[in-house]
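Chemist: According to TrEMBL, the protein has these features:
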TRANSMEM  B:32-55  transmembrane segment
TRANSMEM  B:75-93  transmembrane segment
TRANSMEM  B:105-125  transmembrane segment
TRANSMEM  B:140-161  transmembrane segment
TRANSMEM  B:168-191  transmembrane segment
TRANSMEM  B:203-221  transmembrane segment
Amino acid sequence: MTAETGAPDPQVATDHPVTGLDEVVHQRVRLGILTIAHEARRAEFGYLRSQLDLTAGNLSKHLSVLEAAGLIDVEKGYAGKRGRTWITLTAAGGTALSDEIRRLKQLIARVETTDLPEDG
Amino acid sequence: MTTDPVPAGADPRRLLSDVRTLAHRVRVDQRVTWFALLVLAAVTFVGIPFDYYFLVLRCVGDGTGCQFSRQGVLYYWPPALLLAYAAIAVCYLRVARARGVGARVLPYALTGVGLTVLFTAAWIAARMYFPTHPQQFPEWVLVLDRLIAPWGTIGVALLVLARLERNVGLLVFTLGYLTVALVPIDFGWHWQGRDDTAFLPQQIVNGTVLLLGAIGFALAGRRRR
């Protein structure tokens, strides 16, 4: 006889895409920053601000979180007399972004599978 | 956009859709396609007088057996294409920097330089070998010859640019351009009946297609902004 505890199967729990989501990346703005930095190779602070429709302070907070996690590099420089801040993706940032996208796709696949109407 | 972490019930489809939209916007902002096509059109048109003045045409007997040597191609096109690719790369980098993004143009410029070296080597080898070994070629060899000619290599390099930019419009344009460049266009038109102007229609058509492409992409870019 086996005792049924009703607890979730640990194997199933660890396999679920939600369990692998990184809280640093799984946030709409930070995911947007990583996406832009990945596509643009390097993105300027003002460009990120306009694309993500954020205030400078708000964007700075998100950049600090990503920089502290080692996902982006922030480089300050000048264009003429104007100060400019450039953001580049680190190797860890690239991996985190691709992992997040893969897990989102897995989530969608799982939702589509479970959403199928039952026959009979 | 919100600053809070995505709630557990957030729709992953929407997140992925946002990612795709942002990626597309960045790619569009990195493009200066019209400038690349404009430079290549200018290079094609400026090459016409070089081709004309350095064309050597030797006809024997009744004129049925003529030997062409387009020496202008070797004098003009290698340095012109190298300068063109350098100018395109510099322009892409400057424009992208001004817009606040990096550029993806380097693989295109390197492909263009590599193809220019390839065509130069092939044409020099052909010029050394074939005068002493004249022969008739099948049509597919002539198509290959046109593919590694300067106007063919321009198209092949543009395919790389279309891939880098994920630019479907440029891909369609380039396939059309390559069709025009690889299929010999000769309306039977020789200027004042002279054989040494037989290359003109093809080169004018190639340059015009590139110029029209530049205008089209410039207008499309302006409308988008």
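We number each residue from 1, going along the chain as drawn.
Backbone N, Cα and C define each Cβ position, glycine as well.
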Chemist: Please give the sequence-distant neighbours of the transmembrane segment (B:105-125): residues at least 6 beyond its ends with Cβ less than 8 Å from one of its Cβ atoms.
Modeler: 73-74, 77-78, 81-82, 84-86, 88-89, 92-93, 96, 148-150, 152-154, 156-157, 160-161, 164
Chemist: Taking the transmembrane segment (B:203-221) as reference, which of B:32-55, B:75-93, B:140-161 has the most Cβ pairs under 8 angstroms?
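Modeler: Answer, by Cβ pair count: B:32-55.
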